[in-house]
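TrEMBL annotations:
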type	residues	note
DOMAIN	1-121	domain 'SPX'
TRANSMEM	201-222	transmembrane segment
DOMAIN	203-657	domain 'Major facilitator superfamily (MFS) profile'
TRANSMEM	234-257	transmembrane segment
TRANSMEM	269-286	transmembrane segment
TRANSMEM	292-310	transmembrane segment
TRANSMEM	331-353	transmembrane segment
TRANSMEM	365-385	transmembrane segment
REGION	426-449	region 'Disordered'
COMPBIAS	427-439	compositional bias 'Acidic residues'
TRANSMEM	502-522	transmembrane segment
TRANSMEM	534-552	transmembrane segment
TRANSMEM	558-583	transmembrane segment
TRANSMEM	629-652	transmembrane segment
Amino acid sequence: MLKGRVNEYTEQTKEGTQYRRRVLKDFSKLLDDEIEKIVLFMIEQQGLIAARLEDLGKRRARLQDIPLLQEITELREDYRSVGLDLVTLLKFVELNANAVRKILKKFDERLGYKFTDYYVRSRSNHPYSQLQQLLTTIIDLVISELLKKDPIIDLITATADKLTNSTNFLRFLGQHALIAQADSTAGTEDEQHVGEDKYHLMSLVLNLANTFLYMVNTYIVVPTADGYATSLGAAATACGAVIGSMAVAQVFSSVYFSAWSNRSYFRPLLFSSVVLLLGNVMYAMAFDLGSLTILLLGRVLCGMGSARAVNRRYISDCVPPRIRMQASAAFVSASALGMACGPALAGLLQTNFSLYGLTINQITLPGWIMAFGWLVYLIWLWISFQEPDLGPDAKDFYEGSSSSTSTRYMEQEKMEQGFTEHLLPSEQDEEDDNGDEEHNETLSSSTTTLRPASSVASAYTLLTPSVKVQLLIYFMLKYAMEILLAESSVVTGYYFGWDIGTVSVFLAVLGLSVLPVNAIVGTYISNMFEDRQILVASEMALLAGVMLSFKLTVEYTAAQYVCSAVLTFVSAEVVEGVNLSLLSRVMSARLSRGTYNGGLLSTEAGTVARVVADGTITAAGLLAGEGRLLNATLLPALLVCVASIAATLSTYNSLFY
């Protein structure tokens with residue numbers, strides 16, 4: 001009914017601005033009336049549940065005097081039954097909250113208003129916040145009457161958390177990995193135990209170790225890349241090409257590793273380790289060979305060994321739902337620690353000697369150390385990794401075409417349609433042919449539309465404007481971070497005379513700030529403000545950090561550089577955390593599995609950003625020289641930041657979740 005009224009308003013508002021004001025008043029009244037129906041129905045249901053709880057309380061009081069095992073068992077089952085009904089009521093509220101969000105979004109899109117902000121702000125922080133408050137007491141009452149380890153308590157808590165969009169550090173961190181999480185509020189017991197037969201703790205540890213080592217490998221060369229380039233006769237600013245060549249290869253390796261993981265996990269990890277071993281040996285030997293080409297080819301080989309797509313897929317497909325969030329958080333933590341340990345390790349490798357004709361010094365040691373690390377990892381992998389049994393139809397399953405997967409999707413869709421028919425007027429089934437995307441998606445019965453994306457093009461068609469903006473934001477923050485990190489040794493050496501040890505400590509401290517910053521945002525800030533509010537504020541702070549980094553006076557101090565770098569890096573971390581947390585919730589479910597999944601898309605966006613940033617550093621160094629490198633590279637970063645903020649504001653209403 002409301003969709004129909006929105007269509008009428010679209011035509012009628014063309015008559016003049018006077019009618020537009022009447023539309024706002026009329027639509028507000030209609031929506032208020034619909035929400036009132038939801039609230040009244042919910043109060044009625046809570047009354048019924050409260051009456052049942054009162055009766056159960058009387059039975060419990062009687063059993064305290066005369067405890068009978070049979071009646072105690074029946075009482076406990078009755079409490080569980082009340083708990084399940086409470087979960088159903090919570091899902092009812094969630095469905096209607098989403099309906100409110102969607103109709104407001106449609107109203108804004110069709111009429112060109114920004115009505116959502118006003119309506120939500122004038123009624124509550126969220127459309128369902130008042131409903132959630134009504135449920136708080138009864139939820140606590142049901143939970144208090146059940147055993148502390150009763151599974152129904154976890155079900156109630158998970159459903160309530162999903163409804164109120166509450167977060168904590170573990171959940172917030174786990175969402176950064178963009179790994180599909182099990183819906184603990186739905187599914188059969190068998191579905192909840194999917195992956196138990198594939199799960200092998202040591203194999204999971206090996207996947208996380210691969211992630212950690214790869215991030216160390218990526219950043220261990222940053223403090224010495226400029227020195228390595230100059231020792232081979234190139235400009236110091238060629239460090240951008242040295243660092244970025246690894247990212248160039250990763251753009252392509254991410255796709256083939258993601259596809260390879262449809263069939264196996266052991267073989268791509270084995271291949272990754274061998275390629276990284278050879279790549280680091282080439283990187284280290286380039287000094288004695290006096291070849292910049294060998295140096296770059298070594299880094300390209302290292303990029304070809306990026307198995308992060310395999311690491312994500314293993315957690316998504318082979319880790320049981322009960323610990324998948326913890327594993328996802330561990331994946332993000334391993335990446336963050338590797339990013340910090342890389343530069344720190346480079347700062348410790350201060351030596352210079354020869355061994356069997358090979359030069360071992362501070363610029364070749366990172367290659368030799370990482371080659372040894374990958375050799376140890378390769379042996380560990382060969383001995384301890386356990387290939388999960390993917391079955392003969394593994395490829396069909398992972399590409400989303402197995403009959404069981406399609407059937408489960410169809411059953412879920414039918415259930416949702418049946419639930420909707422109960423709650424919304426029957427007139428909604430009679431939609432006109434106005435190209436309504438939500439309606440078409442709901443009515444589609446083709447299993448093809450439920451399968452994961454089969455190509456980059458099909459994945460792109462699944463991206464809504466808000467998701468595209470979030471990928472742009474991810475590109476922006478990775479670009480700004482890469483500019484800061486990759487040119488740090490050149491800039492600090494030119495302006496402040498910092499040596500490798502000082503640069504290494506500086507970069508390590510920046511890297512170590514990742515987890516504390518995410519802890520603060522995930523534990524406190526995300527519970528105080530909406531994600532979109534944090535996103536805009538942190539983008540503004542990132543822009544301020546970039547602007548503060550410019551050299552606008554004759555004297556450029558270390559204090560200015562350090563303060564601006566910390567502001568830029570920390571703001572980028574906040575942007576990344578909130579952006580990926582939001583992206584994990586609003587991205588299409590079809591992008592949660594398959595080769596072309598959401599994790600791959602975000603990885604590609606970030607990797608391309610690093611490639612562009614490193615290319616910018618090299619080009620700016622060749623054209624402008626070291627003296628103008630800082631401003632020349634910061635200007636594109638400034639423009640990208642401004643563009644991302646403008647794009648965020650243009651889709652601000654659609655970011656409401």
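Just so it is clear, glycine is given a Cβ too, placed from its N, Cα and C backbone atoms.
Across 201-222, 269-286, 558-583, 629-652, stretch 201-222 shows the highest tally of CB pairs under 8 A with the transmembrane segment (234-257). If one looks beyond the transmembrane segment (331-353) by at least 6 residues along the same chain, the residues whose Cβ comes under 8 Å of a Cβ in the stretch are 173-174, 176-177, 179, 207-209, 211-224, 311-312, 315, 359-362, 365-366, 369, 500-501, 503-508, 510-512, 514-515, 518. Between the transmembrane segment (292-310) and the listed ranges 201-222, 269-286, 365-385, 502-522, the one holding the most Cβ pairs under 8 Å is 269-286. Counted over residue pairs separated by six or more positions, the transmembrane segment (558-583) shares fewer than 3 Cβ pairs under 8 angstroms with the transmembrane segment (365-385), which leaves the two as not touching. Long-range contacts of the transmembrane segment (629-652) within the same chain, counting only residues at least 6 positions beyond its ends with a Cβ under 8 Å from a Cβ of the stretch, are 117, 237, 465-466, 469, 472-473, 475-476, 479-480, 483, 487, 490-491, 494-495, 532, 535-536, 539-540, 542-543, 546-547, 549-551, 556, 613, 616-617, 620-621, 623. Taking H, G and I as helix, E and B as strand and the rest as coil, DSSP gives the domain 'SPX' (1-121) the counts 113 helix, 0 strand, 8 coil.
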